[in-house]
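Record features (TrEMBL):
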type: TRANSMEM; residues: 44-63; note: transmembrane segment
type: TRANSMEM; residues: 69-89; note: transmembrane segment
type: TRANSMEM; residues: 123-142; note: transmembrane segment
type: TRANSMEM; residues: 154-171; note: transmembrane segment
type: TRANSMEM; residues: 183-207; note: transmembrane segment
type: TRANSMEM; residues: 213-233; note: transmembrane segment
type: TRANSMEM; residues: 253-272; note: transmembrane segment
type: TRANSMEM; residues: 292-316; note: transmembrane segment
type: TRANSMEM; residues: 337-361; note: transmembrane segment
type: TRANSMEM; residues: 367-391; note: transmembrane segment
type: TRANSMEM; residues: 403-420; note: transmembrane segment
type: TRANSMEM; residues: 426-450; note: transmembrane segment
Amino acid sequence: MNKTTSFGITFLLSHIYKKLSHYLPFLPSHFDLHLKELLKGSSIAFIIRMLGMVTGYLFALLVTRNYGAEAMGIFALSQTVLLVISLFSKLGLDTASMRFISEYSSQGKWNSVKEVYIKSLKMVIPVSLFLSCLFFYFSPFISDYFFKKPHLSSYFQIISLSILPLVILSIHSESLRGLKKIIAYAFFRNMSVSLSGAVVIGIAIFLSKDARVPVIAHVIGIIILTIVSLIVWLKHTNIFKYTIENSISYNTILNVSLPLMLSSSMLFILQWTDTIMLGILKTEAEVGIYNVALKIANFTSISLFAINSIAAPKFAEFYGKRDMKGLGKVARQSTKLIFWSSFPVLLIFLFFPSMVLGVFGTEFKSGVYALILLTIGQFVNAISGSVGLILQMTGKQKAFQNIIVIATILNIGLNAFLIPKYGINGAAFATAISITFWNLSSVMYVKLYLNITTLYIPMISKKKD
């Protein structure tokens, strides 16, 4: 994006914002530098995230319409297992890289940026290769012993081929985020895989009706995009001209990344326990229906992702300067933007769930109550703001880790109790309760220890900033 375009976007947003704030009292009254950056960066990320969601739904439509709910369920299980293994393969180094690179690049320390990047790759590549081989070899055992579905073995073996590429793709996307290259980050993080997968499967449906096609398309897309992400990263950093000074030890990086990995893994388990346990206790078709309801409910998180994509490095930047007042101001502005940009979509999903689910096929309408419950959970997410990121970017990652551990235990217990009797509705209720718990617990911790209020409820919260 050139300077003229950037200035044009900033000027347009400033003009629109001033008009809106005149009529909408819940918005901050002045359009400062950090709000400009939040709006400009998040608007770009919002558009890309929106396109990513559209391509994701296109992929789901192609699968459900051509291969059925069962194939969608198998794909969801394969994708979930892939994400679980890649999470541990990353060692938390994707988020840690973003934090370090944001700090060092803002100070012009490009030697340190290169050092963090190279050392991160040296750690994740061998771990990823080892876990990939291990998963490939034990796929028959996992599919038979844990899921009681031996036919899943071949799907798991196919998906194992994408573990290393997905980990490297994550390192690149988060590193670009640290550089505030929001367009590139948003594309690789949330649009690229679904887009490439939709293109591949759009071609494949004319060639084969094999249920493995969606999984194969997903793997091919990830591999292609990993190569593209490397090219983009090198273009933005030109790291070859810098030398590594060994100023950052592996232990220093791991001391930050491992707690982040644990909290991220707990958050992931919290998000995907329902899918995994449905896969163990119920049919693939039920998993497919629930997964579609989950994807739809997550549509409300577009603005949360978009704003977080630029807010996260700003949180790290403010904390690095020990400017807690500025951090709190951006946090409050972020929450208001997240809530009001999510609210219209939340209303649609709450009042017209059957119509929305019917787009994917008549059989998916049985997920109406699950969609309503999941949407309520996302509402709590919206009013809480970027609390998880604030804790992770301000050295409170261990506190966030503890909150997520408790929420995960709660989620597993509720799923184990509710799924056998209530199926996908029980899974949705467990997820909504867990989301509510970790968000509100984080809100209270941020207020108590950082003296920052992120919770925003219209007509109740005081107008600030």
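Keep in mind that glycine also has a Cβ here, set from the backbone N, Cα and C atoms.
Note that this is a predicted model, so its numbers are computed, not measured.
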State the residues, same chain only, that lie 6 or more residues beyond the ends of the transmembrane segment (123-142) and have a CB under 8 A from a CB inside it; answer 'none' if no residue qualifies.
81, 85-86, 88-91, 93, 150, 152-154, 156-157, 160-161, 163-164, 167-168, 171, 250, 253-254
Is the transmembrane segment (44-63) packed against any residues at least 6 beyond its ends, judged by a Cβ distance under 8 Å, and which are they?
9, 71-72, 75, 182-183, 185-187, 190-192, 194-195, 197-198, 201-202, 205, 214, 292, 295, 299, 302-303, 305-307, 309-310, 341, 359-360
Ranking 69-89, 154-171, 253-272, 367-391 by Cβ pairs under 8 Å to the transmembrane segment (403-420) puts first 253-272
Using a Cβ cut-off of under 8 Å, list the residues of the same chain at least 6 residues beyond the transmembrane segment (183-207) that approach it.
1, 44-45, 48-49, 51-53, 55-56, 58-59, 62-63, 66, 169, 172-174, 176-177, 213-214, 216-218, 220-222, 224-225, 228-229, 232, 236, 305-306, 309
For the transmembrane segment (253-272), distant same-chain residues with Cβ under 8 A (at least six beyond the ends):
80, 83-84, 87-88, 90-93, 95-96, 99-100, 116, 119-120, 123, 388, 392, 397-398, 400-401, 404-405, 407-408, 411-412, 431, 434-435, 438
What else in the chain is close to the transmembrane segment (367-391), if you only count residues 6 or more beyond its ends and a Cβ gap under 8 Å?
267, 289-290, 292-294, 296-298, 300-301, 303-304, 307-308, 311-312, 315, 327, 331-332, 334-335, 338-339, 342-343, 346, 349-350, 353-354, 356-357, 397, 399-400, 424-425, 427-429, 431-436, 438-440, 442-443, 445-446, 450, 452, 454-457
